[in-house]
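What TrEMBL lists as domain 'Ig-like' is 8-100, 105-192, 204-287, 296-382. Marked as domain 'Fibronectin type-III' by TrEMBL: 392-486, 487-583. Sequence annotations record features per position, and here TrEMBL assigns transmembrane segment to 607-627. Under the heading compositional bias 'Polar residues', TrEMBL lists 645-655, 690-705. Annotated region 'Disordered' per TrEMBL: 645-755, in sequence order. Per TrEMBL, the feature compositional bias 'Basic and acidic residues' maps to 664-674.
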């Protein structure tokens, strides 16, 4: 392998250019490598012959004396140019350089007259095509527009924006387009600023939104957005995909135009311009797409290599760009054609040459092209060959040992064996392409090799080469042999009890078992020697229900996979249905309907009685507390009353007559005031006895019978929400001998509304 300076490679390649009519053009091409080197030029694939108009300079560059876009004979100097360099080792071709003539068309968009009120926004536009892109400047009243004025914004595509219009902005405007081909002037347009600034509210409105742009990396993109409204809207930018726009290289021109400098592929996306009314969510939006292309460039270049005859040469070429580049391979400047021993894979990124010979020695080039540009890289293949190499190994034989092992043996070559340093065994599935081949190295004193980890029932091809320090021998004859078949592996078996007489056997999918035709299922009672089965199941079946089993014994279940080579090892499981039966008996005991009905009745009666006893106890406690509190009040006021408990019908109750103990003031007035004490008979009348023990033992179940009154003062029948506390106004009463009122209200400080 020679050093880098010996490789035939380009130092300078021709680049894309725009030529001026009738002006000279030079395309540069410089090559390094082992001399002698011959350089030639092509245009659109055709060889350029030196002439008065175009000829090659001594340094290899091409000189065009007078560039013509269109000659009298119909030919043109425009086109794609490349240079070719050749020496003893091969030929290389440069990248294609696209040459175009400088031009400028007429204006196809001229500025238009505009009348805008003071404080508004004016926009003028002119548009023209040209190569290179024309530079557009604006004049007002025949003088260049003052770009220092912050209210004037000039955009690269020929747009003039004027914000916050004033009377002095009125005038006549036109634009001037300039490039290396020409200078042209647009028509004039008049701007009239009318009236004074209006205070009438206007919704935000976007006059002009961003347009779709397609640019290349490192260029500058300007996305226009101009909005009006009163109050003046706030313009903001975002990406439709939610990603941040960033700040590097980002600038705002005027009141809302977005400029992105030094574009990268990551800047591609859809950009949204929003005009917001200040302090509100009222907004208007417009959007435009930005596509950033990147010319093809190499991530990995192919490397020059030297390989002995009969070996494999591999070149790798990886390129990137936007859009993704297409890769093409050349051999000595000609498009490479694939064959049985020349293969391209990985989207043409990898070139493999199998069993190389002297005819494969050449320079191989990788060309990467997309719509943004092209690039190339080259590498040389040197085929090593020397006299006195060994002859091919003899008597190659292959014998099958097992389903995964083959033994290969051979004899030493007949000629030039002294310099042999070892052998290489080449192995490949007979059905695979050549590039799937792999090798195993063997020492020079060994004439057999055990090849393992092969696939069952598969054919393999083998050949041998003898190696010396100067290269390899030719390949031996190829021998093909197949491995033995293999029985399937053990399946994974699981048993699930369905009920007292049925179990389900399940196993894993057949893909884990290797090649097989189906399954055999056996089962038996453990105390018996004879199996039931086999039950033959297809290879796609993964479950089987075993029915009509005896719940009192333990069963053994056995499963195996089989194929044309025999039965595989079986998987055994034991299962008992007795526990399932017992568990079912516990969870679902026999039903004694008469007993259940009796128990249900007894249980229901007990629950009802318990509930009523509890409610009665609670009511008694509440009444006890209330009467105890009332008794203390009477003692403090030295008032003695007799209590009566007539039951007042609900319809006759009045808002001024009901108190907690059920007695009315009129009843109390009728009492004599002789200080008669409360006796036990009155308490018994207030608190009638609870139902007798005999009644409870009889199992009374009717809620109505428990709540029916035994006398007119049955408290348990009065709901709590019918109690009320009424503040009464005292009537004039005669004074007692001691000068005190006859009877004061028991709760004279209570609330006046219902408690």
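The backbone N, Cα and C atoms fix where each Cβ goes, and this holds for glycine too.
Just so you know, TrEMBL annotations never went through curation; they're auto-generated.
The domain 'Fibronectin type-III' (392-486) shares more Cβ pairs under 8 Å with 296-382 than with any other stretch in the list 8-100, 105-192, 204-287, 296-382. Here the domain 'Ig-like' (296-382) touches the domain 'Ig-like' (8-100). Their Cβ atoms form 3 or more pairs under 8 Å, with each pair 6 or more residues apart. For the domain 'Fibronectin type-III' (487-583), the model's pLDDT averages out at 85.
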